[in-house]
Amino acid sequence: METALAKTPQKRQVMFLAILLLLWEAGSEAVRYSIPEETESGYSVANLAKDLGLGVGELATRGARMHYKGNKELLQLDIKTGNLLLYEKLDREVICGATEPCILHFQLLLENPVQFFQTDLQLTDINDHSPEFPEKEMLLKIPESTQPGTVFPLKVAQDFDIGSNAVQNYTISPNSHFHVATHNRGDGRKYPELVLDKALDREERPELSLTLTALDGGAPPRSGTTTIRIVVLDNNDNAPEFLQSLYEVQVPENSPLNSLVVVVSARDLDAGAYGSVAYALFQGDEVTQPFVIDEKTGEIRLKRALDFEATPYYNVEIVATDGGGLSGKCTVAMEVVDVNDNAPELTMSTLSSPIPENAPETVVAVFSVSDPDSGDNGRMICSIQNDLPFLLKPTLKNFYTLVTQRTLDRESQAEYNITITVTDMGTPRLKTEHNITVLVSDVNDNAPAFTQTSYTLFVRENNSPALQIGSVSATDRDSGTNAQVTYSLLPPQNPHLRLASLVSINADNGHLFALRSLDYEALQAFEFRVGATDRGSPALSSEALVRVLVLDANDNSPFVLYPLQNGSAPCTELVPRAAEPGYLVTKVVAVDGDSGQNAWLSYQLLKATEPGLFSMWAHNGEVRTARLLSERDAAKHRLVVLVKDNGEPPRSATATLHVLLVDGFSQPYLPLPEAAPAQAQADSLTVYLVVALASVSSLFLFSVLLFVAVRLCRRSRAAPVGRCSVPEGPFPGHLVDVSGTGILSQSYQYEVCLTGDSGAGEFKFLKPIIPNLLPQGASEEIGKTAAFRNSFGLN
């Protein structure tokens, strides 16, 4: 059988050229063994591994196996010892019939890497069959006038053995009239002829009975016998003669049954019964031949279907016998013409599935193709779909390997359905399709991928510990353990961030939990990295950034910085009675540790000794006079201010202000008692006279001292002349300024300076006495200079 290698634009086709039939892989020359037929099963034919130069252990490691055409297991390979064993008893006549020599072809297939070795096993014939005649008796009718030397053909004996074990000679029982001559046919077979030695006499002996013996050439020889019954007839002068001694015809193998093959014709010059001719197949071929002859017309017709692959030609001998017993013969040589009636056959030797996705040039399958037809009818094309990443490669005779053409990607396609098509070149073309499914196994070639490169989580402060604050998620395109993701917290880049005490992550699902209650005022935001690692080998990982923003809760009440409410000697604001409406009495300064609207403060005058005398601005905390002051107004006033934030619910604080109405600033005024009377005391003329006298007496001296104090205050803030008494001890921690720019963690100094020319004081927030470590921006001065009119502190 021939194959050719071809390729079309539509398909990647692979066809063996005739020369490829003789190409073998390196080191794979044919090894031939010979054993007699009927050898018992289990017989060790040879050590195949040794003959091929292979190590015994190599057979097992490379997956050695025997391949047989038709998948009939006749031989068995012991991969441990390398011995080739007979799997069953072999009968040459059953396996090969009359074909000589009888050779069985096997292939030794080695995987990883793929390699083929051709092995041939020849079965030699033994003399296990005796010759057999098709009939127990042959009848010959011979006229008594037949001349000595006349030859009479006899039917041959059948012997299924071949060569010297087939029929070699014929003998006849001793007699005085005949002997047997043995001749060779064109196909090497022997056939007998009966030769008349002495004329017959019907009156003396009308019938003879002889024994014909067929002997084969075996040792010892086997024989078979039949009886020849000869009937002596009256004179018959002429024997039938065929028009041709040899008829040559061609018969297509797909000819229908009973179709006419050829017509033979013989004539006899005698008249009457002696001139009547009857035709018959000769030499016992009636049983084995697929033909039948009409004894009257000589038409040879087909009685069984022909098969070129089984028997490509026939030699049929025809005998014509007249009524007197004389006969003639001719030979019909029939050549069976091959037609494309056999589709190609595909035998899968090995199939590897699944295959790893990262291994190009991987052998997926090894298979063989065959077509019993001849010529173009047996020439084949093998192909697969052209859109697949696979390639067909011819290897050994009639063998192909299916290999991966490039690296596969299981994530893109996890399996391939491949159709292997084998088409012959006959007319019409016949084809065979074989479908295989190749699964692609996963390799850990994809790292986990987070759904987002960064995550922003919002957590309201004062949360409960172990609260789930969010989750991260990563997917892996691989499968199995290669796709199982484990989450973890990566070491923080900020060495001062104690991440392990803040959050934790569930390694299985990526849920994030806050380990403790968060305080916005202490930590407003932080970020960290999370990792996702698969369980492949080697493991692959990726990371994502997580930002946690702490949302402020209204958990801090406003804190009044000025005036201080815990001082043993609270400040008193002096207001001249000549002050105009809108005169700035003082400014309440408060802060809120929260942020946003939780730190938006509003001010409200909650209580006053004399309602309507003072007013307060809601947004800046300024206390101003609401009207002109009169002599009837009490000198001492106590104001209660409410400071409230804008949180939900709102929080508040109160501050108490002491205001003293004076006519001038001629002398310092002692601090007022902590509690001012709720109602104004009655004016006393005596008090006014004393105050006026004291004021006039000390006006000049006081003015000079005030001027000097203002100058010194402006030059050096470290030693102000006028200063409110600030009790020792720090303020409450974690104070945030109104703008929410930072946290106040240390005590601050406050300073009230009074200028003589302007009549206005300056209220300043100074830098902390002890440097503190605050977040960026928190180290700035919390308060900017705020003007306070007529504010004066008494020591």
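Glycine too: its Cβ is placed from the backbone N, Cα and C atoms.
Feature annotation from Swiss-Prot assigns signal peptide to 1-30; the stated evidence is sequence analysis. According to Swiss-Prot, the feature topological domain 'Extracellular' maps to 31-689, an assignment based on sequence analysis. Annotated domain 'Cadherin 1' per Swiss-Prot: 35-133, in sequence order. As annotated by Swiss-Prot, N6-acetyllysine applies to Lys296, with the evidence given as similarity to another entry. Swiss-Prot lists 455-560 with the feature domain 'Cadherin 5'. Among the features that Swiss-Prot reports, domain 'Cadherin 6' is placed at 567-670. Among the features that Swiss-Prot reports, transmembrane segment is placed at 690-710.
Averaged over the domain 'Cadherin 6' (567-670), the predicted model reaches a pLDDT of 87.
With DSSP states grouped into helix (H, G, I), strand (E, B) and coil, the domain 'Cadherin 5' (455-560) comes out at 7 helix, 48 strand, 51 coil. Its own atom aside, the Cβ of Lys296 (N6-acetyllysine) has 10 Cβ atoms within 10 angstroms in the protein chains shown. DSSP assignment over the domain 'Cadherin 6' (567-670) gives 4 helix, 48 strand, 52 coil. When secondary structure is read from DSSP and collapsed to three states, Lys296 (N6-acetyllysine) falls in the coil class.
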